[in-house]
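A short write-up of the structure that comes next.
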Amino acid sequence: MKIYSRTVAVSLIVSFLLCFSAFAERNDGTFRVGLKKLKLDSKNRLAARVESKQEKPLRAYRLGDSGDADVVVLKNYLDAQYYGEIAIGTPPQKFTVVFDTGSSNLWVPSSKCYFSLACLLHPKYKSSRSSTYEKNGKAAAIHYGTGAIAGFFSNDAVTVGDLVVKDQEFIEATKEPGITFVVAKFDGILGLGFQEISVGKAAPVWYNMLKQGLIKEPVFSFWLNRNADEEEGGELVFGGVDPNHFKGKHTYVPVTQKGYWQFDMGDVLIGGAPTGFCESGCSAIADSGTSLLAGPTTIITMINHAIGAAGVVSQQCKTVVDQYGQTILDLLLSETQPKKICSQIGLCTFDGTRGVSMGIESVVDKENAKLSNGVGDAACSACEMAVVWIQSQLRQNMTQERILNYVNELCERLPSPMGESAVDCAQLSTMPTVSLTIGGKVFDLAPEEYVLKVGEGPVAQCISGFIALDVAPPRGPLWILGDVFMGKYHTVFDFGNEQVGFAEAA
């Protein structure tokens, strides 16, 4: 996913700046991109607030069967990213880019970008200075959750370390509106996703590496160093894996839909207790361009409640629980089909056959992804969340009074409009482990792994690494596993066998 014009304005925090450190070829035929990390200051969080000021706090998106590229529109690059250095042209013109497994195009600012502030603050590609430039001219545009770019395609040589990819199609960005790319520490983005979601169907750089025989094995892998005291930020390995980067064996799961590195995910556990949310299956995307771990509002609210994260009060949610909570509880006890409950009590206008959209709003215009402002949509989504929450508590044999009190508390923990939720830095030891089930194996995240620290000393803040993102069926429910997860687990992107592998990082 990257999640995009459907705007998930999340934006947090501490981030790792992945600058190009060193590229090296080894005897095993792999090429390594050394990564360095830098902490982001609070400017990006402020920028995100400005960018998202007019946006809705909670969103659900309906993506059609051909909506693969739509997820890109949700992407937000203002939280934390990994960067590296590449060059375009002959002689090489250097750019810092995000190595992003959640998108597939390469773009950098163009010298023909005259009126966007972002272009003035970053290096620009000058085709007239490259002897290997070939004119293309096809128009291109990409919309993100907190930003957009537009421009045209060109062809030129792209250098990644010692690898020179010939005749690579890329986008020269001539428009970068908004504040997102103004404050960004990177110049452009290098997508490592599948060609299926590439704007203009341009072959990704990774595809041409393989096609031109620059890489022996169709595999690349990420190791992200989460130790803030070490200078080395991590490593991106093209052509294989480094056994020193992980412990034990990888758990592999097949890619279920080419476009993103998407796979099936099982249940989510909080403190070892199943939530049941993904018992019937959820989809997940491994995304190096996202710092946090994003999931449906319903379950993210439960997680943030368990870790003591403070969000904003949703009056709509509390109103629904106050007026209909007991009715929902009674219907569940009478074994009414959960997906039909909200329509039965008149809060939803459908009977659940289209699938439950676990969010506060739903999008009916999939092409333009316009948000609905109807109060009815909000009440329907609040009802759907309440059904899931009450189900979860019934499985634990809680009393009716305790269940309704718990659901009211969850309403108060709904994420803030920024998507971020603060936690008490002094309470890490009391927070539960949060676990994801992938390929039948449980992958744990401890508090120190999912809580992100912004700033130092008395002004330091701790932020939950979980943010809400609602994608309606058939694409959703969808999870985005960003750096919070990939930092704990070394990740292998096996293009040849179309699978993703996870093992504990060393």
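Counting starts with 1 at the first residue shown.
Placed from the backbone N, Cα and C atoms, the Cβ positions cover glycine too.
Here Swiss-Prot annotates a disulfide bond for Cys380; of Cys348, Cys411, the partner residue is Cys348.
Per Swiss-Prot, the residue from Cys342, Cys425 that shares a disulphide bond with Cys383 is Cys342.
When you check Swiss-Prot, the disulphide partner of Cys113 from the set Cys19, Cys119 turns out to be Cys119. Swiss-Prot records a disulfide bond between Cys411 and Cys317, which is the match among Cys282, Cys317, Cys462. Around the Cβ of Cys383 (disulfide bond), the number of neighbouring Cβ atoms within 10 Å comes to 25. Each of the disulfide-bonded residues Cys342, Cys348, Cys411, Cys462 was assessed for Cβ neighbours inside 10 Å, and the highest tally belongs to Cys342. For the recorded positions Cys113, Asp287, Cys383, Cys462, a Cα-Cα cutoff of 10 angstroms around Asp100 (active site) retains Asp287. Within the model, the domain 'Saposin B-type' (312-417) shows a mean pLDDT value of 73, rounded to a whole number. Here the candidates are the recorded positions Cys282, Asp287, Cys342, Cys380, Cys383. The one whose C-alpha lies nearest to that of Cys425 (disulfide bond) is Asp287. Over all protein chains present, the Cβ of Cys317 (disulfide bond) has 27 other Cβ atoms lying within 10 Å.
Residue pair Cys342 (disulfide bond) / Cys411 (disulfide bond) shows a Cα separation of 17 Å. Its Cβ taken as reference, Cys282 (disulfide bond) is surrounded by 21 other Cβ atoms within 10 Å in the chains shown.
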